[in-house]
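As written in TrEMBL, here are the features:
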| type | residues | note |
| --- | --- | --- |
| BINDING | Leu19, Gly44, Glu64, Asn102 | S-adenosyl-L-methionine binding site |
| DOMAIN | 24-170 | domain 'Ribosomal RNA adenine methylase transferase N-terminal' |
Amino acid sequence: MNHDELSALADPTFEQYFLVSPEKLQMLFDAAGIRPDDSVLEVGAGAGTVARHMPPCRTLTVVELDSRLIDTLRHEVPQATVVQGNALQIVPLIPHDVLIGNLPNVVTEALIDILPELPFRTAVLAAGRHTDFSRLQSTFDVSEVTTISGEDFRPPQPSVSRIVRVARRGR
Ligand SMILES: C[S@@+](CC[C@H](N)C(=O)[O-])C[C@H]1O[C@@H](n2cnc3c(N)ncnc32)[C@H](O)[C@@H]1O
């Protein structure tokens with residue numbers, strides 16, 4: 001899918017900006033540290049621009065709320081199990097070693113609340129500049145990987161967000 005087609009698919013109601021920067025995708029995957037025997041779960045998978053470049057892993061499950069994008073995800077990421085629904089309800093039901101997400105900020109805030117109950121080794125999440133991860137610091141190492149904005153996305157994202165790595169200590 002080219003950049004014009006991605007932009008045409010995006011629905012601002014769902015804050016749909018699709019990450020296309022090869023450099024930022026590589027930084028995301030480096031931070032995730034995906035191993036060939038990992039189960040990977042991506043939430044808010046959009047049109048599959050992240051998932052289609054996912055490094056080799058044992059299983060890949062992608063979750064997307066917008067039912068319009070489900071056929072696109074099945075086409076773009078044929079190796080993935082595609083699930084339509086709300087990430088906050090689905091994430092606790094799917095075992096995973098690595099969690100990747102670029103969700104609207106309000107959803108990410110709610111996801112952070114449930115992170116301690118999830119099984120992942122490493123999570124890599126896009127978050128707003130002011131999203132508060134401090135509540136995780138007793139259990140996880142939290143570090144900023146990079147910032148993402150504008151031309152990193154199609155359509156260009158008007159705001160600046162951060163990619164944040166959350167790693168469970170001792171794993
Ligand atoms: C900013 S886009 C990111 C898409 C893709 N991960 C990327 O980086 O290119 C956010 C996506 O999250 C989806 N989304 C919004 N709320 C969601 C929720 N509660 N559960 C699952 N997906 C959601 C939107 O429909 C949208 O496709």
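The chain as shown is numbered from 1 upward.
Positions of Cβ are set from backbone N, Cα and C atoms, glycine also.
Remember, predicted model here, so these are calculated numbers, not experimental data.
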The one of Leu19, Gly44, Glu64, Asn102 whose CB sees the fewest other CB atoms within 10 Å, among these binding-site residues: Leu19
Reduced DSSP assignment, Gly44 (S-adenosyl-L-methionine binding site): coil
Model confidence over the domain 'Ribosomal RNA adenine methylase transferase N-terminal' (24-170), averaged pLDDT: 96
Check: same-chain CB within 8 A of S-adenosyl-L-methionine site center, minus Leu19, Gly44, Glu64, Asn102: Phe18, Glu42, Val43, Ala45, Gly46, Val50, Gly101, Leu103, Ala126
